[in-house]
Amino acid sequence: MTEPTQPSPPQIDPEFIPRHIALVMDGNGRWAQERGLPRTEGHRRGESVLMDCVDACIALGGVEWLSAYAFSTENWRRSHSEVRFLMGFSRDVLRRHRDELHEKNVRIVWAGRRPRLWRSVLRELEAAEELTRANTGVTLAMCINYGGRAELVDACRALAADAAEGRIRPDEVTEQTLTRYLYRPDMPDVDLFLRPSGEKRTSNFLLWQSAYAEMVYQDTLFPDFTRQHMYDAVLEYAKRDRRFGGAVDKFAK
Ligand code: FPP
């Protein structure tokens, strides 16, 4: 079967391409239920959509990180069967796509909390990280058993332990210090926070890193999300005026 023709990426000044896109893969359950299907069918559809998002980031050029929210620390509250499905599914998605992502020079990394995460998922994440460690293209951060608050709590715990051991003085702690204790100290700040599905909230995703992110919410449910939606979001981002707190007074003398 030949691949459908994909839209070309928009021509955008490289300065206005987001370096880090955070993606909330939301709306799978609703998409399935609207069709009288089990929620898991929606997740299955999301698999190829995620791969398409990676391709879109590669085609755009200049996107260095794509962080995908695949399972939150709060998602353990879902039904036992959905949790079981999602754990197995994350593991299988990594296994099914790591070679093709490797060929595309994608570096796969994991961000998340270790306790509770299935050992088989961890093993698959470690194998994917190991295989793609030296790749220099887009970094795909799979955020599995990830929560922004959990990440900050874990960072504070490690920092407090170092302080108690005398390895760091409390008055030396800066924003840069705290960043070193996060799950991925090498993760840049989020530029574009993208959530399809119509919901307008962060749901505890990359809280620290998104302090100055531009939020783009779209109505499309994730299984219907296409490269064009990603391009539209980046175009919208490129139009935003980012000030990082430093307002300019056009009329000041
Ligand atoms: C946050 O919304 C959304 C997520 C944590 C994404 C979940 C994504 C999947 C289950 C699909 C995974 C797909 C692949 C291809 C691995 P929420 O529903 O946790 O938060 P809310 O209750 O605030 O809406």
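Each Cβ is built from the backbone N, Cα and C atoms, and glycine gets one as well.
Annotations in TrEMBL come from automatic prediction, not curation.
Quantities reported herein were computed from a predicted structural model and do not represent experimental measurements.
As annotated by TrEMBL, Mg(2+) binding site applies to D26, E214. What TrEMBL records for D26 is active site. The substrate binding site annotation in TrEMBL covers 27-31, R39, H43, 72-74, W76, R78, R195, 201-203. The active site, proton acceptor feature in TrEMBL is assigned to N75.
Sequence features, as recorded in TrEMBL, placed on the structure.
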residue	record	Cβ contacts under 8 Å, 6 or more apart
D26	Mg(2+) binding site	Y69, R195, P196, S197, E199, S203, L221, F222
G27	substrate binding site	G42, P196, S197, G198, E199, T220, L221, F222, P223
W31	substrate binding site	G42, R45, L221, F222, P223, D224
H43	substrate binding site	N28, G29, A32, F85, L86, F89
T73	substrate binding site	G112, R113, N145, Y146, G147, R149, A150, N204
N75	active site, proton acceptor	V83, L86
W76	substrate binding site	V83, R116
T202	substrate binding site	V24, G148, F193, R195, S210
E214	Mg(2+) binding site	P18, D191, L192, F193, Y237, R240, R242
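In this structure, N75 are the recorded positions from G27, N75, R195, T202, E214 whose C-beta falls under 6 Å of some atom of ligand 1. Each of the binding-site residues G29, R195 was ranked by the number of other C-beta atoms within 10 Å, and first place falls to R195. Following the DSSP three-state reduction, the secondary structure of H43 (substrate binding site) is helix.
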